[in-house]
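Copied over from TrEMBL:
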COILED    146-213  coiled coil
COILED    350-377  coiled coil
COMPBIAS  287-297  compositional bias 'Polar residues'
COMPBIAS  308-338  compositional bias 'Acidic residues'
DOMAIN    214-249  domain 'EF-hand'
DOMAIN    393-494  domain 'MRH'
REGION    287-338  region 'Disordered'
SIGNAL    1-18  signal peptide
Amino acid sequence: MLCAQLLFPLSLFLGLSATVEVQRPRGVPLSKRQFYEEGKPFTCLDGSRTVPFDRVNDDYCDCKDGSDEPGTAACPNGSFHCTNAGHRPAFIPSSRINDGICDCCDTTDEYNSGATCKNTCREMGRRERESLQKLAEITKEGFLLKQQLIEEAKRKKEEKQSKLTELQAGKRDVEEKVEALRTVKETAEQPEKEAKERHLKAWEEQKAVIRMEKDKAKMAEAFLELDDDADGYVSVAELQSHAELDPNSDGSLTEEEVQGLLGGADKVDTSSFENIWGNLKDKYVSESQAENPSSLETAPEETKEPVTDNESEPYPEDDIGVEEDDEEEEDDDDDTHEDFEDKVRSFFTAQKARDDFEESERALREIDDQVKNIEKELSFDFGPSAEFTYLYSQCYELTTSEYIYKICPFNRVSQKPKFGGSETNLGSWGSWAGPDDNKYTVMKYEHGTGCWQGPSRSTTVKLTCGKETTVTSTSEPSRCEYLMEFTTPAVCQEPLPVNVVHVDGHSDHVEL
């Protein structure tokens, strides 16, 4: 884009030591000289009327378009042509003629104002030619770099596509391996699961036996405590001393309530006490507990269950059975040992199958991530010849007096306070937003962090030709709308040869 803007006719940088004066009314460009023929009537350039030639530049506006007064300030809509030999010609409004301010570098606009003006056209032309020469060199070098970027992008794209094909083929193989190892894992886990279920069943049976034995011991202890006269019976009177057994908790344990607890009897022996123990055991407080109230706050130690944090944990204890005689006990010990070995083998077999399966799943996820990343990169529009590919996954910064601005092309733009603070998103990649004939000169980043009671932040990035890739400036022309200038070889266009005429009369070819 920058190169295209510079394609004005450099051959107008005249300023030869011997110039040829072409006779024409003051303020008329050479391109319109044929309309101002001395001695013939002048027709207004808009064709509105014809006047005698002596009315041209007579300081009175005769034509609506101001074309009869190109060298005076008579017409408000007129224009004056500055020849500016040695530099570029220019037009200025007629109102600036003889206003005491030098607008034309050749001073021709102040011919009758008395202003002291100096002809600076040659110096201005020299400086601009030097600037154009430097720009031409940058453009040429930038375009050569662009060609390298295009070749590199082409090579990388081929590598990415080849890698993608390889990954997709490998993914199918890994998917098949995952399913095969899933079957192996499930098969290996089945004996482990069965062993676990057997162990849990035996453990539950053991706990039930232990609970039953404890309950019997507690019941026997309670009977002995309640049988105050040691006659082998627990009577109504003996039970009434335990107020904690009051069914309705009204603070009084009546004879009728006690008989209800005893199943309607006046007293019970040990065998009958076993039948009515269920009515008492939840509330009964033994004499030892009554003497030591703190023991009531601590529940009796329960038999701990085996740890079952996850399916891969082996059970710490063996299956427990009830031996009927010494001979069976020895056989059971052998069976228990063999069962333990089976469980250990099942565990390690299943664990290896799980490890292999998890490793294959992890490998599949990594392949999926690589495939997604490559497909995402290949989906971007990196320019007509993919010349912007090299910007992908790169970030560039510009530090100002207050902020650090960062752009990661095709990703996001951000702003962070220079002396500490959180980062603000100034927009995520949206699209190319240049003009229809050259859309790859402007990037648009949208939907950034919202402004306080305002819209979401956005950034427009203007790309210009340069040998280096760098952020050159940032600004906020409108609230929450940022502008960033960014140079890159990727926008440099092929230089065009232009003839430049120097003030000493020789000419050079400069590529722009």
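Glycine is treated like the rest: Cβ placed from N, Cα and C.
Per DSSP, the domain 'MRH' (393-494) is made up of 6 helix, 57 strand, 39 coil. Counting residues 6+ beyond its ends, the coiled coil (350-377) has Cβ neighbours under 8 Å at 160, 163-164, 167-168, 170-171, 174-175, 177-178, 181-182, 184-185, 187-189, 191-192, 312, 392 in the same chain. For the coiled coil (350-377), the model's pLDDT averages out at 93.
Same-chain neighbours of the domain 'EF-hand' (214-249): 255, 257-262, 266-270, 273-274, 277, 280-281, 283-287, 300, counting only residues six or more beyond its ends whose CB sits under 8 Å from a CB of the stretch.
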